[in-house]
């Protein structure tokens, strides 16, 4: 009972602070910056809680970008990072963003990592005219407020459905596969991918012969695999995350299902090879925004700097955030102002980063191609760029 | 037909795991009428214990299995001594709530110590498979099934043929009368927890190897399903737990095969509801009249 009261109290405080944000928000718009000024940047991440591994990786990516910016003599401003932990919770994320924008007066916010927590900050961003750049909010239409995008919300990752299209195209055209089986997780992520994959694959002329679903945290897939094994499919698309996908791959291969396996960025984890077994990860492809295969000099430099700083290799999330932070910093230098001018500089940016070059489309999502990597004994060996819209 | 037989094999290996966990539920319930909700988490501890032994000490399958059994047995006894014994004559609901509390303590303590991410096992058993006609059977499935059957026979022998087993049955019928006959009731109850928890430990190790994925909350769903298996077979009955476990495993697999994989959890709970309505004592359960 006490907890409930407290919660009600807390949420009314949040609501109240948002109201206050409304009225004072317009006052913070567009401040002119002088060279050598100290500019604050908000880092709003899932530093604890169930998805802390994403938030931690992104926080490190952003911190590295800021550190490198401050160390560079040509930089116009001195950047001070203000971090907030949103615990992976949407309402915590809203209050974190509100605090960063109204109390700390940050120029822009990078983060959060997950779609739900990100979307919760977009209305606050519009109210206070402070841009939010989400590195990895991949949910379909995450940046949209009805028919138009939130003016101050941007993301630099492609959305879930985009990958589903890319993988369908890759399977049908690049690999010449005609009959697909889909095993998907019952979640927005899994269902969204399945829908667009099916659509694209059938539009191209292929056939989806079976679609089976599972719940997150399931471990036994023998029933599903036995059921789909004899459908005569030449490709299996797994729309889910590595924790279950790894087990599905292991169990499918052990049951003698040796067709090509496709997946999306949910496969992106070193745990995939541990769960599935290296010997089972052949003839397997997945889409991602980041790979160190055929790394450019910039990427190699980033990997070295990151590894030196944190004693571990970066992943997709840290690279995306590194890009998102640099995008914000470049726009800040170009605009020389915060608020509406900074928003315009970001919206018009032509950015070249570690995770690809892009400009923003009218939904404030990047126009970039999807990378498809293949696995040989669990190790990435090749990367192909696929543009699903061509 | 081939697909049906293959699904039957899948169901049997899944069911064996449920059966192993269900045995512990049924024994504890049989003797102190307590539904030990922490049992699923003992199973999780067994998986983690073997994970640590094999990953960091490099020991093989058999030593890992034995050490996990001993570890889980000891944890089971400790839990009984610390959490349940002081409440033995309190109302049943008190003990039940305590059991749920113990369950949370184990889950979150493990999460705190080991982290919440998924862990994988080193390769302990061959993943080779052989063909029996058109049906593919992996060696791991054979191990799981054989180990379960052997343990069940050993358990049945202990309960029916040994002095300790006789004491267990006596305490189960009437604790006070058993005490008057000179049976050390506390020791007998501890022994029951030791046996049941050791079996859950075995199940944890086998699952860790078979699925190659463990996490601190892995005990929740299988624990619940094993409980349903125990109720289905007749709670308190050892062969009943075995039959219940296999039945639930096969039912789940068949629903996936001939219906939708999304209903496989639902079917287990529907079975629970039906059994509670139609035959509350379970398949092999005895209908004991309550003394008033």
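Quick reminder: no glycine exception, Cβ is built from N, Cα and C everywhere.
Range annotated as transmembrane segment by TrEMBL, chosen from B:142-159, B:160-177: B:142-159. Within its own chain, the transmembrane segment (B:12-32) has Cβ neighbours under 8 Å at 39-40, 42-43, 76, 84, 88, 140-141, 144-145, 147-148, 151-152, 155, 168, 171-172, 188-189, 192-193, 195-197, 199-200, 202-203, 206-207, 210, 222-223, 225-227, 229-230, 233, 235-238, 240-242, 244-250, 252-253, counting only residues six or more beyond its boundaries.
Between the transmembrane segment (B:226-250) and the listed ranges B:44-77, B:89-106, B:142-159, B:189-211, the one holding the most Cβ pairs under 8 Å is B:142-159. Remote same-chain residues near the transmembrane segment (B:89-106) are listed as 33-38, 40-42, 44-45, 79, 83, 219 (criterion: CB distance under 8 Å, separation of at least six residues from the stretch ends).
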